[in-house]
Ligand SMILES: NC(=O)c1ccc[n+]([C@@H]2O[C@H](COP(=O)([O-])OP(=O)(O)OC[C@H]3O[C@@H](n4cnc5c(N)ncnc54)[C@H](OP(=O)(O)O)[C@@H]3O)[C@@H](O)[C@H]2O)c1
């Protein structure tokens with residue numbers, strides 16, 4: 001029997017206002033790599049929170065798939081610990097009924113017969129749980145397994161069609177443009193693009209989605225949102241944590257360029273710079289993102305590409321001494337992995353021509369903060385005497401993604417003294433103070449959208465390729481030409497001094 005996961009994939013007309021009220025149709029979610037970290041820390045706690053908020057139907061069923069031998073009960077116990085520790089709502093009475101819908105299937109990701117057996121197991125569960133043949137698959141494994149899983153799903157006859165089967169692909173999607181194109185080909189041989197959900201968990205954050213609401217549900221910003229008024233844009237994703245135990249993974253994954261810039265920061269750039277879509281629908285929004293990404297390229301500096309990379313040296317974070325990157329556990333001390341990247345991107349279209357988009361991200365920086373700051377042009381003529389104006393600061397609009405989520409606008413105000421004297425002041429909006437309910441976790445939002453069949457917050461094949469194209473010149477410079485330009489910065493600082501070379505015309509990186 002063929003049923004629909006949501007009563008049809010054209011779910012978007014229902015989205016506005018009503019989307020939070022909808023629940024997906026009964027389905028079985030099979031998680032590949034279910035004994036791993038992502039499942040226990042994020043996926044199962046997010047599903048539990050959704051169930052507690054009555055967003056999942058009672059028939060909803062999870063099958064964990066991995067190699068290690070667990071009974072259903074042992075697997076449930078592991079998941080219970082994850083829910084107790086990581087869910088928003090913490091463990092409650094609901095666990096008993098929720099956990100009855102969790103099963104474990106032992107299998108190898110490389111073994112086609114195991115996938116065929118999985119298919120039979122899912123059919124048995126359909127009759128027990130009333131899941132109507134609806135299938136959702138989640139690849140929570142190392143990326144090297146993505147292609148084999150997809151091929152085995154196809155080989156075992158489990159790819160279904162757009163009405164009853166969907167697939168989530170975790171990040172990273174490819175290692176460079178060519179591998180992303182190859183993976184897209186594998187995906188498209190087995191699945192229709194409308195069945196495929198490439199995840200970037202940044203897009204599940206409330207404040208990231210608020211960029212679209214802020215831009216397109218208010219009329220006052222649009223006239224200012226262009227090269228006539230904006231001088232430049234700074235996008236910062238700063239972390240205080242180091243590489244921790246992920247050293248070998250981080251080295252292999254290619255450091256900050258692939259782990260952060262290619263996906264999260266490029267996504268923030270696209271949401272900030274895209275043209276207004278005509279509707280809040282998956283393909284309409286993603287068409288605009290693709291268009292702006294195709295117009296984006298790394299800027300040129302005096303010595304070639306305008307980009308700086310660096311690795312953290314010893315330093316201090318919150319009064320504690322911390323190691324250099326090369327002294328972190330399991331890191332090869334000779335490795336040239338960059339834990340910090342700053343790069344200038346230019347967008348070649350009418351709206352943004354000449355406006356630098358300055359992106360920086362790093363580990364072991366002075367503060368944990370993610371924000372997008374638009375600095376506006378200076379006034380064309382200053383009518384106040386420069387002695388009273390002092391150091392006039394340009395207007396600045398800041399969208400803070402985390403922590404202390406909110407929006408602030410900096411402008412000049414007259415100080416309450418007899419003379420004309422000025423000072424910069426901020427008008428602030430804080431999410432926490434205005435909306436007193438806690439925001440759902442990114443994975444809650446994304447899993448719900450996935451189960452509802454809404455692809456808006458997931459990256460499309462052409463989008464992920466466009467994002468790889470943007471960073472390809474940097475990969476070529478640093479990996480193929482092996483440019484020896486790795487800088488170092490003290491842990492706990494704001495990065496290498498070389499990053500200031502990307503700033504011209506008196507611009508400066510914000511000190512946050
Ligand atoms: N962890 C996070 O917070 C996080 C955040 C964002 C994105 N991600 C992404 O999510 C994915 C998974 O990350 P993770 O941290 O959960 O990985 P992980 O902890 O290394 O888990 C990998 C899983 O794959 C299973 N596995 C490995 N080889 C297998 C095989 N041949 N057959 C069957 N199962 C096999 C392992 O189970 P057995 O050993 O039992 O076989 C384990 O369950 C990655 O793509 C990662 O980039 C993770």
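Using N, Cα and C of the backbone, Cβ positions are placed for all residues, glycine too.
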For the substrate site that TrEMBL gives as 201, 205, 259, 363, the extra residue out of 178, 239, 281, 288 is 239
NADP(+) site partner of 108, 109, 171 according to TrEMBL, chosen from 55, 67, 215, is 67
Of the binding-site residues 108, 109, 171, within 10 Å of residue 259 (substrate binding site) (CA to CA), in sequence order, we find 171
Simplified DSSP label at residue 259 (substrate binding site) comes out helix
Cβ neighbour count within 10 Å, max among the binding-site residues 108, 239, 259, goes to 259
Hits among 205, 239, 259, 264, 363, i.e. recorded positions with CB under 6 Å from ligand 1, come out as none
For residue 201 (substrate binding site), the close binding-site residues (Cα within 10 Å) drawn from 67, 108, 109 turn out to be none
